[in-house]
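Visitor: Attaching a single structure in structure tokens format; questions to follow.
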Amino acid sequence: MKFDNILDEADGFGRYQIALILLLFIPRITIPCHFLLNNFIAAIPSHHCDISSLDADGILGNLSREERLTVSVPAQEDGTPASCHMFSHPQFHLLMNSSSPSEVAVVQCQNGWEYDNSTFISTLATHFDLVCDKRGLAKASATIFFLGVMAGAVFFGVLCDKYGRRSMLLVSYVSSIVFSVASAFSSNYIMFAAFHFLTGLALTGITNISVVLSVEWVDTKHRTFMGVFGSISWSLGNMLLAGVAYLVTDWRMLIITVTSPLLLATATWWLIPESARWLIASGKAETAYKYLQKCATFNKRQEFTSRVKLESLSTVATMDQQDHSYTYLDLVKTPKLRRLTLFTGIVWYGVASTYYGISLNITGFGLNLYLTHFIYAAIEVPAKILIYFTLDKVGRRVSQSGTLVLTGFCILINIITPTEYWTFRTVIAVLGKGLSEASFTTVFLYTTELYPTVMRQNGLGYTSFMARLGASICPLIMLLEDVWTLLPEVIFCTMAIFSGLIAWLLPETNNARLPETIEDIEETRKKPVYFTTEDQSNVPLKLPISTDTTH
């Protein structure tokens, strides 16, 4: 008897599962707000050297602000003041002659910078003066965050399989709140970077555990709905971020505001159940039975206790050794699991690299920052609805491979299209963003179905590590535009197409039973086909017949 059969008796998709996904909806809205927060808190507004203290009581004091700026700061080609340099001495002749001789000596800003506060009251760049030669530190803050997410994938991957999903979810809630607030009150950039790293580490637990819990409590037929509907929280949170950032333009308050939903999530944590699959796999059948009874009662399956006994849970074959502790090394010990580990790692790297390569570059629309971010977020909703139908119609493998390859082609089209065709380029860019989100939605669901229960959190931890590696490198790849403007796009395009082709080598999991043990992976995957019969009480029973499917 397999767990899927037992879950069917308790109703694998009822009010209990809907309540679970709604409880997890609250913290999951926070995730995109933090993951894409760098678009706003690290924004660099226009700036020039601060000249307020230059000879204020002398000759310059008699000039207007515009005149003082003219004689103190050189103008760029577009007529705006230079961002990082000033004249070594005031150039009064510029008041009569707009041209500046090339031999005039300039120096770096001596007294700090003056920033345009029309869009942002305060950002990391304005607060810590991360401009000019320190400009790279602003983009590096995103890399630091994703390095934390990468470390968190390993950290929570190990502990969740050892101590359970539910307890580690609470750890993630509380630590995310503490580290986020601490980063908002940082007194220097080093302190901010440290707590920003720890925030990324803590938030990873929410990302991974919520997905695993959702999938492990739902039956095979509704896994697609659970995975896609749950991911809608990302898109809503992403759109919400644009509105919140528009209203809250101080970077400290913005961090605190987007973290606040976690307070409600912590207050409702006690309502979230532990994964019954994990409890059985860990030899805790009695506790699993109590949760399954609650599920059956909530779903109005009163006959559950008469049809499924505690003893039947003890016979569920989920582990070859109940006391065996699995580690990341087990991912590469057996041939098929090793192959699966290699391919899923490449796919996740490509998915994340492409998605964040597009999402963190929101300056190409010619629109303001907030509207661009909102458009990029809004396109994700129809993309998720479309992928919901294709996942079941054409399968996981085709959906994963297709969305990645098409994303790559969208980037390629924009590479070869002249910039004057901005309307066409904008449409293609939005389409590519939607496809990249569809590939991300697919990969979460696909991965949870590929790995066995005993290694599922470790597998998701490893793949999340690879994804965050790709995400953390994205801001650094964007700096390569100084070498060649199109180089970042070429890299993202190549990675998308390559990882899409690798995804084609993965096995199909559509309507297949979730693997429980490593042996389920190494043996030919079985696809359950159900027929209905009647027992002596005329109660329909679902009896599984396994048929081989190639992969």
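For all residues, glycine too, the Cβ spot is worked out from N, Cα and C.
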Visitor: Between 6-31, 422-447, which stretch does TrEMBL give the note transmembrane segment?
Guide: 422-447
Visitor: Pairs 6 or more apart in sequence, C-beta under 8 angstroms, 3 or more of them: is that satisfied by the transmembrane segment (253-272) and the transmembrane segment (225-247)?
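Guide: Answer yes: the transmembrane segment (253-272) meets the transmembrane segment (225-247) with 3 or more Cβ pairs below 8 Å.
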Visitor: Can you tell me which parts of the same chain pack against the transmembrane segment (422-447), counting only residues 6+ beyond its ends and a CB-CB cutoff under 8 A?
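Guide: The answer is 211, 215, 223-224, 227-228, 231, 235, 344, 347-348, 351-352, 354-355, 358-359, 364-366, 375-376, 379-380, 382-384, 386-387, 391, 396-397, 399-400, 403-404, 406-407, 410-411, 413-414, 459-460, 463, 496, 500, 506, 509.
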Visitor: Under an 8 Å Cβ to Cβ limit, what residues of the same chain, 6 or more beyond the ends of the transmembrane segment (191-213), are close to it?
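Guide: Answer is 20, 24, 27-28, 30-31, 34-35, 124, 128, 140-141, 144-153, 155-157, 160, 165-166, 168-169, 171-173, 175-176, 179-180, 182-183, 227, 230, 272-273, 275, 444, 448, 456-457, 460-461, 464, 468.
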Visitor: Below 8 angstroms Cβ to Cβ, which residues of this chain, lying six or more residues outside the transmembrane segment (340-358), approach it?
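Guide: For the transmembrane segment (340-358), the sequence-distant neighbours (Cβ-Cβ under 8 Å, at least 6 residues beyond its ends) are 146, 331-332, 376, 400, 404, 407-408, 411, 429, 432-433, 436-437, 439-440, 443, 447, 450-451, 459, 462-464, 466-471, 473-474, 477-478, 488, 491-492, 495-496, 498-500, 502-503, 505-507, 521.
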Visitor: Looking at the stretches 167-185, 225-247, 370-391, 398-416, 486-506, which one shares the most CB pairs under 8 Å with the transmembrane segment (140-160)?
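Guide: Checked against 167-185, 225-247, 370-391, 398-416, 486-506; highest Cβ contact count belongs to 167-185.
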Visitor: Report, as numbers and ranges, every residue of the chain located at least six residues beyond the transmembrane segment (167-185) whose Cβ falls under 8 Å of a Cβ in that stretch; write 'none' if there are none.
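Guide: For the transmembrane segment (167-185), the nonlocal Cβ contacts are 27, 30, 34, 156, 159-160, 192, 195-196, 198-199, 201-206, 209-210, 213, 251-253, 255-256, 259, 262-263, 265-266, 269, 272.
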